[in-house]
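Have a look at the structure below, then the notes.
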Amino acid sequence: MGRAKKDRRQKREDYRAALREDDVTELPRKKFYRQRAHANPFSDHRLIYPPHPDQMDWSSLYPDYVVDEPQQDQQTPAPETPSDRELTPARPKRISKDVEVADIGCGFGGLLVALAPLMPETLILGLEIRVSVTQFVEDRIKALRRQNEAAGLYRNVGVLRANTMKFLPNFFRKGQLAKVFICFPDPHFKARKHKQRIVSTTLNSEYAYVLRPGGIVYTITDVPDLHEWMVQHFEAHPSFERVPEDEQEADPCVPIMRTETEEGKKVERHKGQKHVALFRRLEDPAW
Amino acid sequence: MAVPCHLLKVCGNIVFAAQGSDIHSFSSELEHISTWRYPVKQGAESTTPAAEVQESPAPEEPPAKRRKVGGGQEPTSNGGAAAPTDGQVKSRKAAQYDNPANERPFVQGLYATADGRHVVAITGSDKTIWVFEHDGAGKLKELSQRAMPKRPCSLAFTADNRTILSANKFGDVHALPLLPSPTTTTTSATTSSSPNPTTGLPLSRSATPSTPTATAFKPQANELTVHTKRNLKALENQKRSLSRKAFEDQQQQQQQQAPPPFEHALLLGHVSMLTAICVGTATVAVPAVAAQASEPGTSIGNGTGNGAEAASAPARTTVRREYIITADRDEHIRVSRGMPQAHVIEGFCLGHEEFVSQLCMAPGGREELLISGGGDDDLFIWDWVNGRLLGRSGVLEHVKRVAGEDVDKVAVTRVFGCGWQGTTAVFVVVERVPALFHYELLDDSRLQHRETIPLRGNPLDVDIIESPSGGQRLLVAMDPSASVSIEEGSSSLVVLDKQETGWKQTNVENLPACEDANISADELQKILYSTESLRKLTDFD
């Protein structure tokens, strides 16, 4: 058993290392990236996140959007006191536009890959808590960019490992996002695990914070109870209203969410039900 | 084990000091006035351990947490039906020593309303919020005790002093009326699953709104949501065993999770442990139209003008707004709107790279500034309305001069701001460092270290009192077991007077005897020094 495990790990590492060679255009294979399906959102993972959205370095995720600007360090005089220097931490390279679409719990990245050509001018970010799965999406995007070098496709998608339940405001400023996708989230069937669900009364305030007024939260699940839960919690939140069904069906993202996510395909194979609900971020009330 | 005073609250000319689970009051001359003692059921000490655990501590308290007993024998906390065996007799003393029912919870927070008429305390292991009426002369009258579902870690009051905001370890903030009205207690219990009219939010994060309570148990998964052979089989089994027993279990569980029978509303929550909460007010300039749309009575200045005035000129008016500021273990400081719009997040003060443990609104009319401290090497000064970091001020560098150069981290346990001899002072306590750090908040919003006051023990809390002669004195609660020298006699309450040559330290000698004698030194350390444990130890993915 132990030996088999070791062999498997060795194989994985070899495979992933080979894939990372510069000229490989082959798409990664899921079997070398499997990870158990659940992660505890309350534990302190070894996560990397910026202390403030301004300190987030997006340039490695979206290298084609990096703004070439002259290094200003030489021109401005050096700060006088040490505390001044701490206040202005090394600014990361700027990119020409902000991420506006986030896929929370992007899994193996099916939605990201399908959305990329649909909105080629918008930066899309997938967020995933599991290390190996994030690695898979990273390699997948890399391969897709290489395969479509001439067309310049998939330059606008990126993926990050993050615990969004805790650290969403570390990545996005207030009102930065136009769309947030929550696709086939972990259902957490047991009542005592409900607090780990990605949709809750108190977490919805954070989604409202990162979304601009008029922005949309897209949810889809194959679990009827979870669908009900998400609808109840978003409708109960004063910052959101449900998008009517005709408008929902007219949204081009909805069919993609139904058919292109990995879970969506799996549910399709098993002939399961898919429940979709969209919620619009309302203007904050006057006070 | 002698328990030191560990919390201080000066309320007018009365000093309140928490020692273990007692709250003493002292006059400004530091003469003892009275003591409130945590109520313990009479006769609990004399009964056998088995009988003790059967008794619940108080009807509205949740059962005490089960804890491991030193002797390896665990007391059965649910029932105690086990027959007395030899092992149990042997460990009887140990069981009594650590028995949760026997233990009196420590006071973990001590607060007073701005008008000084009410004192509020949190006790730790029973998660209870106590409200006392203060007669202005040091006498406390117990008005209410409310056992919260999760342990509160910090409290704040709304500006009108009528509502308690309780931040808990689970990450949620609840609003409770300072004085619970007896009429609402019954209604709030029944409406718990419907959205709260004042906040528009359901009362509990995990409660599904408008779920009928008496539905029979039904597995949430179905043949379409589980796919593997094993899971399908498990589902089948689950459905087969859907019997009366399952139904009863479900009902029992629901009864256990029933919300406490008093009015409390969920305002906001972090997915993290909350460490501090405070209420900030800011006077904000807004277009006159927006001011009119807001609540009447909140606008001041020319906001009372009529609609014609607002329409004719690009009139701007000022509104006084209340905010709720919360800090958590995951480096965040969140600024939310005050009630009833606490669900709106206005911004974050981001920049900490370790846990935040203390928030302090700058004193002396500088309420646009917030000072925060925690596991970082520095204190942070914020323009909190705009979420902007204004400056940092070192703590570690000054701690090194007291505790040695090899100290590489600090845990700030108290940031106390006050007017001090014509300046705006901030006194800082760092966990397990026998000194008090005095900073001055300058007019340009910089926080400058003024001096380090060495102490004879580890300070636990600090406050200031007006001395009878009119000057200001510092009052420090400290842990004398860590005293550097004991020949002068140790006390856990020390008065510091600024003199030209330095600080004169006077022990408050007449402390009443503390009854919390049966607590081990280790346990006491754990209770008194809990801040450093907030630091993350990430040794796994």
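Including glycine, each Cβ sits where the backbone N, Cα and C put it.
Computed from a predicted structure; not experimentally measured.
Lifted from TrEMBL, the feature list:
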type	residues	note
ACT_SITE	A:Asp186	active site
BINDING	A:Gly105, A:Glu128, A:Ile129, A:Asn163, A:Thr164, A:Cys183, A:Thr261, A:Glu262, A:Glu263	S-adenosyl-L-methionine binding site
REGION	A:70-94	region 'Disordered'
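Rounded to the nearest whole angstrom, the C-alpha distance between A:Ile129 (S-adenosyl-L-methionine binding site) and the residue listed as 'active site' is 12. Candidates A:Gly105, A:Thr164, A:Thr261, A:Glu263 (binding-site residues) were compared with the residue listed as 'active site'; those inside 10 Å Cα-Cα are A:Gly105. Across the residues annotated as binding S-adenosyl-L-methionine (A:Gly105, A:Glu128, A:Ile129, A:Asn163, A:Thr164, A:Cys183, A:Thr261, A:Glu262, A:Glu263), the two Cα atoms farthest apart lie 20 Å from each other. Other Cβ atoms within 10 Å of the Cβ of A:Thr261 (S-adenosyl-L-methionine binding site), summed over all protein chains shown, number 26. Cβ contacts within 10 Å of A:Ile129 (S-adenosyl-L-methionine binding site), excluding its own Cβ and spanning all protein chains shown: 22. The Cβ of A:Glu263 (S-adenosyl-L-methionine binding site) has 20 other Cβ atoms within 10 Å, all protein chains considered.
The most densely surrounded of the recorded positions A:Gly105, A:Thr164, A:Asp186, judged by C-beta neighbours within 10 angstroms, is A:Thr164. In three-state terms derived from DSSP, A:Gly105 (S-adenosyl-L-methionine binding site) belongs to neither a helical nor a strand segment and is classed as coil.
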